[in-house]
Amino acid sequence: MAGLKIDYSTCDACGNCINTCPVKALYKRGNKVALEENNCILCGGCIDSCPYEAISINKKRTKTINREKTSGIWVYAEHKKGVMHPVVYELLGKGRELADKSKHKLTAVLIDGESSHLAKELIAYGADRVILCSHVLLESQQDEYHFDAMTTILEEEIPSIFLFGATSFGRSLAPRMAARLQTGLTADCTRLEVDDVSGNLYQTRPAFGGNLMATILCPDQRPQMATVRSGIMHAKEPDYYREGMIKRVNYKGKIKPNIEIINEIIGEKKESIGDASVIISAGRGIGSQKNMKLVRKLADVLGGQVGVSRPLVDIGWSEYPHQIGQTGAVVRPQLMITCGISGAIQHLAGIADAKTIIAINTDPEAPIFSVANYKIIDDCIEVLKMLIDSMEKKQS
């Protein structure tokens, strides 16, 4: 099993590794450095910090898959009742880019009851081929059936790269597939790049609460699997004159699922902050929770929604659905007013596609001003009151 190894013949317990470890996996026990294996994430930081080269990672030998037997980039085409999830088009856009660079074919995997008309749409958005697996049992979004159907498809061929949307369904199906294929899965990626020589997929995602960006490789196993949240990648313009191949796979549906769906009740659809055209967003600079009332008031006056930075969710001033950034929602509003947000890297990544940003902050050096179209260096609470008063007078 892979693990950290300490050579006590050269270690003098200087403590550099203990100070470096981000997860407190190393500690002093007597006159020796000890390891809490359950905490260690094998980041390797302690190895670089050790002046005596006393620390190493004992890597587990893995059974590698024959790369010659894997080919192509696949995208799981998630849809419900014939309506494609927007993340699929975004994944096809990124998949097309990766396929062109690595000279691979791009395949969309469509599992459903019978929606073959969607296959042509997937080709228009960049797929070279669509694998279509249809059966009446696949009409419902029940991951046990979809997992079984996917297993049938993968008995014939295995891709080099397999991308899923980081939806509730994708987050259930993708780990099942990774476990079945004995490969790795990187969740919630914000960037994907392929090495056109090795074919390795560089999968970048936020780590440690979004304070660090980690790039992950799966060099020995195939397929290389990743999930991506909606709004991260960009869809290409569809070309309905594109031609592609449709491959049909027969599914027998012999499994008995553990869950039986008796009835399906559609809940009330709530507007997502990711779809809002106007967003008033707050950060720690608003000072206190009571000032959130002013943020909500301006959002109501402008017909917009309230967004927040991660710290406000962490301290309980707002709920997670309002969080914006790499670890929250990626937004593309026509107008965004930020109040007391300094502009951490992970937050700026979530607002990069906002059309117009008005930033209010007392700190003239705040990073948020680097992306703002209009800058107001002032107390955001006083500015909020002035904006609300002005808008209410105009409306009356």
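Any Cβ shown, glycine's included, is placed from N, Cα and C.
Per TrEMBL, FAD binding site is recorded for R284, 309-310, 323-327, 340-347, N361. In the shown protein chains, 22 other C-beta atoms lie within 10 A of the C-beta of Q323 (FAD binding site).
Within its own chain, the domain '4Fe-4S ferredoxin-type' (2-30) has Cβ neighbours under 8 Å at 36-37, 39-43, 45-46, 48-60, 208, counting only residues six or more beyond its boundaries. Positions annotated as domain '4Fe-4S ferredoxin-type' by TrEMBL: 2-30 (among others).
According to DSSP, the secondary structure content of the domain '4Fe-4S ferredoxin-type' (31-60) in residues is 5 helix, 8 strand, 17 coil. The feature domain '4Fe-4S ferredoxin-type' is assigned by TrEMBL to 31-60 (among others).
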Least Cβ-crowded entry, counting other Cβ within 10 Å, from the binding-site residues listed as R284, H347: R284
Neighbouring C-beta atoms (10 Å sphere around the C-beta of Q326 (FAD binding site)): 22
Assigned conformation of R284 (FAD binding site) - DSSP reduced to three states: helix
For Q323 (FAD binding site), the three-state class that DSSP assigns: strand
Binding-site residues compared (I341, A344) - the one with the fewest other Cβ atoms within 10 Å: A344
Structural state census, the domain '4Fe-4S ferredoxin-type' (2-30) (DSSP three-state): 5 helix, 8 strand, 16 coil
